Amino acid sequence: REGRGGGSGVPLAPRLASRSSVLREVTEDVTSLAGGGPRTMFALLGATTLVLVAGVPWMLPAAAGGTNLNSPQNVEVYIVDDTFILRWNRSSPSVRNVTFSADYQILENGAWLKLPGCQSVASTECNFSSVKLNVYEEIKLRIRAGEGNNTSPWRYVDSFTLFEKAQIGPPKVHLEAEDKAIIINISPPGTKDGGMWASDSSSFIYSLDIWKNSSSGERKTKTVYSRDKIYELSPETTYCLKVRARLLPRKTGVYSPVYCIKTAVENKLPPPENIQVDAKNQTYVLKWDYAQENVTFHAQWLHAYLKKIPGDNSGKWKQIPNCKNVRTTQCVFPKNTFHKGIYLIRVRASDGNTTSVWSHEEKFDTQLQITLFPPVITMKSTNNASLRVYISAPEESENKPVNHLYPLIYEIAFWENTSNAERKILEKRTDFTFPQLKPLTVYCVKARALIQDERWNKSSVFSDIVCEKTKPGNTSKTWLIAGVCAALFSIPVVIYVMKLLFRCISYVFFPSSKPPSTIDEYFSEQPLQNLLLFTSEELTERCFIIENTNTIAAVEETNQTDGEHKKYSSQTSQDSGNYSNEDESTGSKFSEEFLHQETE
């Protein structure tokens, strides 16, 4: 009644504060008397309920008379290296004297704690970098607005880990100039004592963009260590560069500011070039190229992994045995100088008090310094005009196979023995076949072993040449069978044709010496000559045609008289071109003689 009437004249806020203090006192009394038994407990609870109910009419009007606050909007977390920023937007820009407070919760603990640096903040962002959190633990944030005793509902941020949200900031870069190179020193992103990249400082990969400080300068991108050297530059030339860090597999930082530096005047002594290391028995041979004479050389080595550790490693280089103050462009040192691993080697030249800069740092991997011996090849001819090739893996000098330590592939050169055209293939298998070759042809093969790794360029010399002749293929057999069948079939045909030809030749050139018996008895005076053969003088023959042989037979049987013998008819042959008719007297005379002989 007092609250509704307002007759007391006491302001509303003090009265609400007094009611709140009464509620706190009652709550404390309930807590202190909780051990007084069930009846006392129920009595106290009833009294407390009455007080709360009585207090509600005093609180609701206060809330109704205040300003309703909305939760902050667009709450986001920005993390760059070790700097943690929470940002948001005001929900009611017209409302003044509003502050913001944030809490955080580690999901494993469950309790909400006040977020340091983000309590009663009047701006729309706060820095909570001072909080000591595990960057890999999952946390949640919440934030609300407040004006006096009036507060908005909480606005929650989805759970996240600091490492997931973190972005890689720009690294710091320090440059030193040489005549044809620039030494670069990169400080990893983040603070020195920061916890975001504490375990990844040596895992950063740095990308560098470098160009000449001119309008036509071409930009080149290189991957460098935290302390590295950029070679092949021009003396007395200004170069500019910028660097950014990457952390695999998917974090890429922002570029650093652009740094520029001018290279120095060219040194009188150039550095050695083309550094290389070869293995020979139980020693290593370090070689390099140098144009000038009457100079000495000095070589050093360093563990390659030290280049990944930030900081100055110039004092960690060590002298290579037998490679100090040498006057030749090579030096020999024992293999036990280096254990298994990757090293960097550099060389410089000296002429009295004048010294060149260090050469390009050459990477040297002891695992690659092995001698690959050529493989052993065996080749065998198989059916279908094919050749099967067997390759035995190369061996070290200690006769230990190396293919179980290094993945090997084989380069095979293959050609016909009568041709110089080689066909080369790469094979991982040690047993394979060249199919469908030319039958009965000699082929030759040679091979060499290669280490199967794109970073390693190691190979053996070619093996001895092995040659083999292919067997007849199925096609040759088919033609052989067809040839035999054709020969068997053609033999009777040939015999028959030869027989016919022989008969024709015999008939033409070697005719029978006797004519048929019917004609031979009438023309026995003159032998039959071959009419096909020409003679020096054409012969004329008298021929007669006997028209009726039955009449002659009848004359012989009846033994007729001479007068009756003259009754038969006779006729001389007509002229055929080569023969002419005799006169009648001659024919008559011949007929009479013929009949007389017949009669006798």
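Keep in mind that glycine also has a Cβ here, set from the backbone N, Cα and C atoms.
Quick look at what TrEMBL annotates:
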type: DISULFID; residues: Cys118-Cys126; note: disulfide bond
type: DISULFID; residues: Cys240-Cys260; note: disulfide bond
type: DOMAIN; residues: 271-369; note: domain 'Fibronectin type-III'
type: DISULFID; residues: Cys323-Cys331; note: disulfide bond
type: DISULFID; residues: Cys444-Cys467; note: disulfide bond
type: CROSSLNK; residues: Lys566; note: ubiquitin cross-link
type: CROSSLNK; residues: Lys567; note: ubiquitin cross-link
type: COMPBIAS; residues: 569-580; note: compositional bias 'Polar residues'
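The two recorded residues Cys444 (disulfide bond) and Cys331 (disulfide bond) have their Cα atoms spaced 41 Å from each other. Taking a C-beta cut-off of under 8 angstroms and a sequence separation of 6 or more, Cys331 (disulfide bond) has the following same-chain neighbours: Val285, Leu286, Phe297, Ala299, Ile320, Asn322, Cys323. Taken as a whole, the domain 'Fibronectin type-III' (271-369) shows an average pLDDT of 89 in this prediction. Cys260 (disulfide bond) counts 11 other C-beta atoms within 10 Å of its own C-beta, drawing on all protein chains shown. Just so you know, the Cβ of Cys323 (disulfide bond) picks up 21 other Cβ atoms within 10 Å once every protein chain is counted. Among the disulfide-bonded residues Cys118, Cys126, Cys467, the residue whose Cα lies closest in space to that of Cys260 (disulfide bond) is Cys126.
Its Cβ placed at the centre, Cys118 (disulfide bond) has 22 other Cβ atoms within 10 Å. Checking each of the disulfide-bonded residues Cys118, Cys126, Cys240 against Cys467 (disulfide bond) by C-alpha distance, the shortest gap belongs to Cys240. Cys444 (disulfide bond) counts 16 other C-beta atoms within 10 Å of its own C-beta, drawing on all protein chains shown. Among the disulfide-bonded residues Cys126, Cys240, Cys467, the residue whose Cβ has the fewest other Cβ atoms within 10 Å is Cys467.
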